[in-house]
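What TrEMBL annotates here:
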type: ACT_SITE; residues: 192; note: active site, schiff-base intermediate with substrate
type: ACT_SITE; residues: 245; note: active site, schiff-base intermediate with substrate
type: BINDING; residues: 117, 119, 127; note: Zn(2+) binding site
type: BINDING; residues: 202, 214; note: 5-aminolevulinate 1 binding site
type: BINDING; residues: 230; note: Mg(2+) binding site
type: BINDING; residues: 271, 310; note: 5-aminolevulinate 2 binding site
Ligand code: PBG
């Protein structure tokens, strides 16, 4: 006697009925890159199908996001000047702050998340304050908190610190609470690995470090128990949502976090993961739609509740085609 597992795979009706993981537009968060200037919509060469937008050009893309049913976007700003302490990141009239206001005016119901970090705004490209060649944890914290507060003041629905300094969730929670933003949640990039998969993003955001690397603050790809410690601390410091990043090479981390913690989990399907699919599809080696949907399904199956992905809009279109 053996079990005939194939009975439940016999046709698409029964396959639909027993499917365990089903993607829908609510799963996706779409990253948007905003630049200074006017009348700019230029394709990001490393992230085909994604664009740099000046604020006056956001209308169409926001309309598209809404029409496709995506509920949230995460904003990245590329300022036109940088300095040692990332001043343009916390200016009241900074690029992200203005973009948030514009998007909330265009689509009040669209959920606007902001990436809270310094690397796009520092002349040295690191995610914090530099002393010598070291990124100083404690000196960075007040800047990260200031950036988060300025995003909340501009109307961000949620802030997402991606700098990997220890203690930042606690400081952000405190500063938000003290300033009347008790209800603004924190989505923490808790287990953010020092990954080569961020390459295309750094080109898109002009945020590659000018010296050294991020190994002293982002996590070693070899470690998973350490990720649980990071997540646990972020939860204790007040994170509302925890994130694992990147997604594809870290599905074990997503699964373990899902089994251990009850908070919503976000996974970031990062730029390199996207660019590899695009490049291979362009070469005719793989079927872009099938591979992308299989990847997104696997991220959800591993336990992610939210998937930040450059495929968000295409995935919604593909779901409609099915
Ligand atoms: C900012 C930040 C990075 C990404 C998201 N936020 C880059 C980095 O840490 O170097 C990467 C996203 C992607 O690769 O898609 N710190």
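Placement of Cβ uses the backbone N, Cα and C atoms for every residue, glycine included.
Annotation note: residue 245 (active site, schiff-base intermediate with substrate) sits in a strand segment as assigned by DSSP. Residue 119 (Zn(2+) binding site) and residue 192 (active site, schiff-base intermediate with substrate) have their C-alpha atoms 15 Å apart, to the nearest angstrom.
Ranked by Cα separation from residue 127 (Zn(2+) binding site), the recorded positions 192, 202, 214, 245, 310 are led by 214. Checked against ligand 1, the recorded positions 117, 119, 230, 245, 271, 310 give 117, 119, 271 as the ones with a Cβ under 6 Å from it, listed in sequence order. Around residue 310 (5-aminolevulinate 2 binding site), the same-chain residues six or more apart in sequence whose CB sits under 8 Å from its CB are 30, 31, 47, 49, 50, 269, 271, 274, listed in sequence order. Each of the recorded positions 192, 202, 214, 245 was scored by the number of other CB atoms within 10 A of its CB, and the lowest score belongs to 202. Here residue 214 (5-aminolevulinate 1 binding site) is positioned 13 angstrom away from residue 117 (Zn(2+) binding site), judged by their C-alpha atoms.
The recorded positions listed here (202, 214, 245) include no residue with a Cα within 10 A of the Cα of the residue listed as 'Mg(2+) binding site'. Neighbour count (other Cβ atoms within 10 Å of the Cβ, all protein chains): 25 for residue 127 (Zn(2+) binding site). Closest in space to residue 245 (active site, schiff-base intermediate with substrate), of the recorded positions given as 192, 202, 214, is 192, taking the CA atom of each residue. Each residue contributes its Cα atom, and for residue 202 (5-aminolevulinate 1 binding site) and residue 192 (active site, schiff-base intermediate with substrate) these two points are 15 Å apart.
Other residues of the chain with a Cβ within 8 Å of the Cβ centroid of 117, 119, 127, the Zn(2+) site, are 118, 120, 121, 122, 126, 128, 162, 163, 207.
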